[in-house]
Amino acid sequence: MAACTLHALSVTLFLLLFFAVSPAKAQQPYVNNHQLACEVRVYDNITNGFTCNGPPSCRSYLTFWSQPPYNTADSIAKLLNVSAAEIQSINNLPTATTRIPTRELVVIPANCSCSSSSGGFYQHNATYNLSGNRGDETYFSVANDTYQALSTCQAMMSQNRYGERQLTPGLNLLVPLRCACPTAKQTTAGFKYLLTYLVAMGDSISGIAEMFNSTSAAITEGNELTSDNIFFFTPVLVPLTTEPTKIVISPSPPPPPVVATPPQTPVDPPGSSSSHKWIYIGIGIGAGLLLLLSILALCFYKRRSKKKSLPSSLPEENKLFDSSTKQSIPTTTTTQWSIDLSNSSEAFGLKSAIESLTLYRFNDLQSATSNFSDENRIKGSVYRATINGDDAAVKVIKGDVSSSEINLLKKLNHSNIIRLSGFCIREGTSYLVFEYSENGSISDWLHSSGKKSLTWKQRVEIARDVAEALDYLHNYITPPHIHKNLESTNILLDSNFRAKIANFGVARILDEGDLDLQLTRHVEGTQGYLAPEYVENGVITSKLDVFAFGVAVLELLSGREAVTIHKKKEGEEEVEMLCKVINSVLGGENVREKLKEFMDPSLGNEYPLELAYTMAQLAKSCVATDLNSRPSVTQVLTTLSMIVSSSIDWEPSDDLLRSGSLGN
């Protein structure tokens, strides 16, 4: 009896100490990108979940970005093991099957609890079935892609009995979702709930606090942050005093086209007697100028009807035209020249397409490129030019360029897409003037025999830049477009090694009315970058770009070309496709050693093997034979952003902490 009493007292004392000491222990440590290094075990206290330092269970909230196929309350509820009715109610949805727009933030009510099986961490349990429909899934892809970092690969590995190489279709995995209950300190401060928010691109602590009607101080303290630095796609706990409601917010899209801001008219202070007088004077002057310009235009038109040829000499400041061309389009200069255009729709389209572009004289381009000399040749029919002291690239195209290509290039405004600045047509040859890329193409860096090499961080940033450009093409311009010709020679690098995609000659409108699928009999492109469904059946979808992007990523990882021809005995040749090689690298045994052998030798050991493995898995999914198994560009961008974020903090010594499980 005494022994039982003593045991009961011991248990009571332990519980009292646990609940008395834990709240004073501070709040919850921020994961800080450690969730990306699956094999690093030294951060288990952070990556496995939020510590049980409050009540054993509570009402909590998660956030989830709507993304097909999880874009209804019903589908999200099944994925996260929560109530569809509660999701519908809190997010003001008409029905549980109402489609939620892609990238819309969804608030998820969830029951959070602490149990002995969790290892002392708060979590909300979900179950995920490896169906095999999405290719080779891993703990990393399930936690960070499917569940959008609401779990971690470390937590899943610790609570599932299957090894990384044992994951096969049909298995059910426990997915511990990160949640937490308020500590005594937070409760005393008036906070009743904790919400797990996934940091979006461009988010700040103050912005998150404002979004959820919380405070920066509460978020900083609640996540044990020592600075304002938070990383994209990492979970942050947001203390709330009331239950959250629908949040109307979307991730920041690419910057809109830059529009010149009209000059602001100074406003006279109240009581100024001259303000209205000067307005009337200004209106009178404007009307007079408009009348004068109209008269001059009429005279100019009559003069042109009598003499259609251009004057033999032009003012120096207006030497932007090719005097020998038979087509001319008004420019942005002070004098506008008009030459007879044919009545064809293509000519009309070309005229409207380049009205906002600078129109160059052929003689000026000759001078700028040293008469298109070999010394100025960059590659093929592209020449380096110096125009008004600035470098430019002039692309020579035999024949007239299409108005659709010019129209597309003119409206593209993204930092990762090469910018068209000017234009010239002479005797059936078109000259396109682009911004200059000081560091050439990634093909020059990866496949040349020189000593120059790209660092790991440069490579992952290049991959992300290209994904940003494709995401812009597929999702942000109207109508959406497919590049259709992505390859390493068309990925250019500026002076800061930021990537810009070029060569839009075969770009095609993505017709959403045809369910993102088109057919063609004219298959064109470079071997090694063409998706099998395009080569075999002429199928065109946005996944065509995803496939080519995957090949480019494999080039960045390995330094190899998309296609390698091996000479064999008796004159035979063996063609090796990089998109096929990766399957043998990541399959079977000794993955770690095979991956090391696959990596570009010029990198040496200066890269994080775990992140290289994750990037290789991403590339492998992009080049999947089945187009439905390939991720969308948006999904690709999400994973790459996490890899880039983690690579920023990586140091070579970090790999000493990693285990050898990749070779298992």
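Quick reminder: no glycine exception, Cβ is built from N, Cα and C everywhere.
As written in Swiss-Prot, here are the features:
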type	residues	note
BINDING	G135, D136, E137, T138, Y139, F140, S141, E164, R165, Q166, L167, T168, P169, G170	chitin binding site
COMPBIAS	251-269	compositional bias 'Pro residues'
DISULFID	C52-C114	disulfide bond
DISULFID	C58-C181	disulfide bond
DISULFID	C112-C179	disulfide bond
DOMAIN	351-643	domain 'Protein kinase'
CARBOHYD	N45	N-linked glycosylation site
CARBOHYD	N81	N-linked glycosylation site
CARBOHYD	N111	N-linked glycosylation site
CARBOHYD	N125	N-linked glycosylation site
CARBOHYD	N129	N-linked glycosylation site
CARBOHYD	N144	N-linked glycosylation site
CARBOHYD	N213	N-linked glycosylation site
REGION	251-270	region 'Disordered'
SIGNAL	1-26	signal peptide
TRANSMEM	278-298	transmembrane segment
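With every protein chain in view, the residue among the glycosylation sites N125, N213 whose Cβ has the most Cβ partners within 10 Å turns out to be N125. Of all the Cβ atoms in the protein chains shown, 15 others lie within 10 Å of the Cβ of R165 (chitin binding site). Of the candidate recorded positions, C52, C58, N111, N125, C179, the one lying closest to E137 (chitin binding site) when CA atoms are compared is N125. One residue stands out among the disulfide-bonded residues C52, C179, C181 for having the most other Cβ atoms within 10 Å of its Cβ: C179. Taken residue by residue with DSSP, E137 (chitin binding site) is part of neither helix nor strand, so it is coil. On the backbone, the CA of R165 (chitin binding site) and the CA of N125 (N-linked glycosylation site) stand 23 Å apart. In this structure, the CA atom of L167 (chitin binding site) is 42 Å away from the CA atom of N213 (N-linked glycosylation site). Working note on the recorded positions N81, N129, S141: by count of other C-beta atoms within 10 Å of each C-beta, S141 ranks first. Ranking the glycosylation sites N111, N144 by other CB atoms within 10 A of the CB puts N111 at the bottom. Put simply, P169 is the one of the binding-site residues Y139, S141, P169 whose Cα lies nearest to the Cα of N129 (N-linked glycosylation site).
Of N125, P169, N213, all annotated as recorded positions, the residue with the shortest Cα distance to C58 (disulfide bond) is N125. C181 (disulfide bond) is 9 Å away from C114 (disulfide bond) when you measure Cα to Cα. A straight line from the CA of S141 (chitin binding site) to the CA of N125 (N-linked glycosylation site) spans 17 Å. Close to N111 (N-linked glycosylation site), meaning Cα to Cα within 10 A, are the following recorded positions out of C52, Y139, P169, C179: C179.
Inclusion criterion for the recorded positions N81, N125, N144, P169, C181, N213: a C-alpha placed within 10 angstroms of the C-alpha of C52 (disulfide bond); this criterion is met by C181.
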